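See below for the structure under consideration.
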């Protein structure tokens, strides 16, 4: 089926186990252990079709910079998972926007201005009252700040990696963090929309975001896109820009199917702020993202 094209056999099997009530602790790993990048490529792309050849060339180019790859669980949170994992695994300090005193008050402040936000869709929990949604999102934002702070304070790279692995094995916390990211994306979208209406300069992607029939304003964006991320859809290209702006990170993506074109390495945003940290992801199709790790010595 269309849905299964982007899920591996293991993922489908895990879902079957979940629905049959079997134990599925083996399948809880959101980010798989690292594997040699070319070994992974040979296993995935054996054929001689033009697509397989292009993918192999793409992986060879990535292997000039990175030695290994970590597979990311392929559900509809995939882009958020890969980006957040990379950001946390290299974090050395708390970003300034996370230190802001108003950060925790965000849900309350936004909901006092925009009544429609009470229709925010929290994961698998429907029919909450407005106050409850506000409190719950506040908890998610507090958790994001707490985890980012504790992981960024770990000095040793091995210990930092271990802390990230542990966090991304805890489903309850992991999915709470994605809800926090989605809410930050909504906040950023509202800021950009208001800036544009007030005649301030906004990045080009913001026009594209609100030029869609399905998201001509932040309310539509929430209803038709953000509420579906993680449930029935992943992030679209233009929403990758929104995520980058929300986190104030540059997301660099090797888009393997675009190998030997100008879009092989795409930056979100394409004119990043110089002081934004960079995270790197790999995609074969702009739907599912994996993580390259271990920069090769000569590129460090």
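Heads up, the Cβ atoms here are built off N, Cα and C, so glycines get one too.
Counted within 10 Å of its Cβ, the other Cβ atoms near residue 75 (active site) come to 17, all protein chains included. Look at TrEMBL and you will find 75 (among others) tagged as active site.
Shown in sequence order, 72, 234, 287, 288, 289 are the residues of the chain, 6+ apart in sequence, with a C-beta less than 8 angstroms from the C-beta of residue 78 (active site, nucleophile). Under the heading active site, nucleophile, TrEMBL lists 78.
Annotation source TrEMBL lists active site at 288 (among others).
Of all Cβ atoms in the protein chains displayed, 10 besides its own lie within 10 Å of the Cβ of residue 263 (site 'Linear diubiquitin binding'). Annotation comment: TrEMBL describes 263 as site 'Linear diubiquitin binding'.
Counting every protein chain shown, the number of other Cβ atoms lying within 10 Å of the Cβ of residue 288 (active site) is 21. The separation of residue 263 (site 'Linear diubiquitin binding') from residue 75 (active site), Cα to Cα, is 25 Å.
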